[in-house]
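Engineer: What Swiss-Prot shows for this protein is this:
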BINDING   His114, His118, Asp301  Fe cation binding site
BINDING   Leu136, Val137, Ser138, Gly139, Gly140, Asp169, Gly182, Asp186, Asn275  substrate binding site
Amino acid sequence: MTDRYILAVESSCDETSVAILKNESTLLSNVIASQVESHKRFGGVVPEVASRHHVEVITTCFEDALQEAGISASDLSAVAVTYGPGLVGALLVGLAAAKAFAWANHLPLIPVNHMAGHLMAAREQKPLVYPLIALLVSGGHTELVYVPEPGDYHIIGETRDDAVGEAYDKVGRVMGLTYPAGREIDQLAHKGQDTYHFPRAMITEDHLEFSFSGLKSAFINLHHNAKQKGDELILEDLCASFQAAVLDILLAKTKKALSRYPAKMLVVAGGVAANQGLRDRLTQEITHIEVVIPKLRLCGDNAGMIALAAAIEYDKQHFANMSLNAKPSLAFDQFPDSFVIN
């Protein structure tokens, strides 16, 4: 059987990435050009800065990915690209590059939802078993997704306000931590105790929705009031208390989803899936079903995950024409108008 190679492009936020996937789940390369240092001084991602950085490095990422994989453009079977959700300017850079490369090399173009990429990153670890439930946790999204079969995604719960990763970054900024703050909060939390009381919004309610704005506000108010009064705050305990509240909410809603849907596997993915506290709680508390979490290198934004999701769409011959456009607010159940079903 002839090997299949998919080149994938990811540029939805502040990482420029190009990867090569061989067949179903073998990543030959996954080149990532991070912009974290450029955005640190702003305390968050500046869309215009992100777009300019993508333009500067994306050609080199293509070259490096092919060289690292040891193949040439003539060996490729398809080109995949993230077309949403994300920052519109950033998405357009990746789309333009992917479309130009696909057109120049006479290759089909596969449109991929960024969040489907996060979910399908778990395929590199082991074959997924369906139906499954996915908890997707990142800086821009917090979602519970039911996946009855490959490529069929149904959101069954999502945040009503802040995403969990966004909450981490905002409380991190209040504490004077470096952006992005998730990893540092996790590390500090392991050294502290859950001594401050923070709300667990909607944790006992029957639905599968999340809310983190109240928790974020409670944290900011506590921190502000203590500073005003000159009270001492123990940073490690603050982080431990905040993280305990976050994990209580995530675990409660995930367990509720597992009790309602006929799942054979739980996938936990997205940037926040790198959180060691979350990984520990999941393995300790969810033992009746297999839990699959992507390796750390595939938790953040990367083109490897886009390639892994694209393999599913390739099998279904879900290709797009060159009118494919960026969809910054793309939902899981949306498909591009430019699909060409062969």
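In case you wondered, yes, glycine gets a Cβ from its N, Cα and C as well.
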Engineer: Reduce the DSSP letter at Gly140 (substrate binding site) to three states and note it down.
Structural biologist: coil
Engineer: Mind giving me a neighbour count for Asp301 (Fe cation binding site)? Other Cβ atoms within 10 Å of its Cβ, every protein chain shown.
Structural biologist: 26
Engineer: Taking every protein chain in this structure into account, which of the binding-site residues Ser138, Asn275 has the most other Cβ atoms within 10 Å of its Cβ?
Structural biologist: Asn275
Engineer: Is it possible to get the count of other C-beta atoms within 10 angstroms of the C-beta of Gly140 (substrate binding site)?
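Structural biologist: Here the count is 19.
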Engineer: When you rank His114, His118, Asp301 by Cα distance to Gly182 (substrate binding site), which of the binding-site residues ends up on top as the closest?
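Structural biologist: When the Cα distances are compared, Asp301 comes out closest.
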Engineer: Determine the minimum-neighbour residue: among His114, His118, listed as binding-site residues, which Cβ has the fewest other Cβ atoms within 10 angstroms?
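Structural biologist: If we count Cβ atoms within 10 Å for the binding-site residues His114, His118, the smallest count is at His114.
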Engineer: What is the number of other Cβ atoms found within 10 Å of the Cβ of Leu136 (substrate binding site)?
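Structural biologist: So the number of other Cβ atoms within 10 Å of Leu136 (substrate binding site) is 26.
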Engineer: Can you grab the distance from His118 (Fe cation binding site) over to Ser138 (substrate binding site)? Cα atoms, rounded to a whole Å.
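Structural biologist: Counting only the Cα atoms, the answer is 9 Å.
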Engineer: Including all protein chains displayed, how many Cβ atoms other than that of Gly182 (substrate binding site) lie within 10 Å of its Cβ?
Structural biologist: 23
Engineer: Whose Cβ lies within 8 Å of the mean position of the Cβ atoms of His114, His118, Asp301, the Fe cation site, other than those residues?
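Structural biologist: So the additional residues around the site are Glu10, Ser12, Cys13, Thr82, Met115, Gly117, Ser138, Gly270, Asn302, Met305, Ile306.
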Engineer: Looking only at DSSP and grouping its letters into three states, which state does His118 (Fe cation binding site) belong to?
Structural biologist: helix
Engineer: Rounded to the nearest angstrom, how far is the Cα of Gly140 (substrate binding site) from the Cα of Asp301 (Fe cation binding site)?
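Structural biologist: Cα to Cα, Asp301 (Fe cation binding site) and Gly140 (substrate binding site) are separated by 11 Å.
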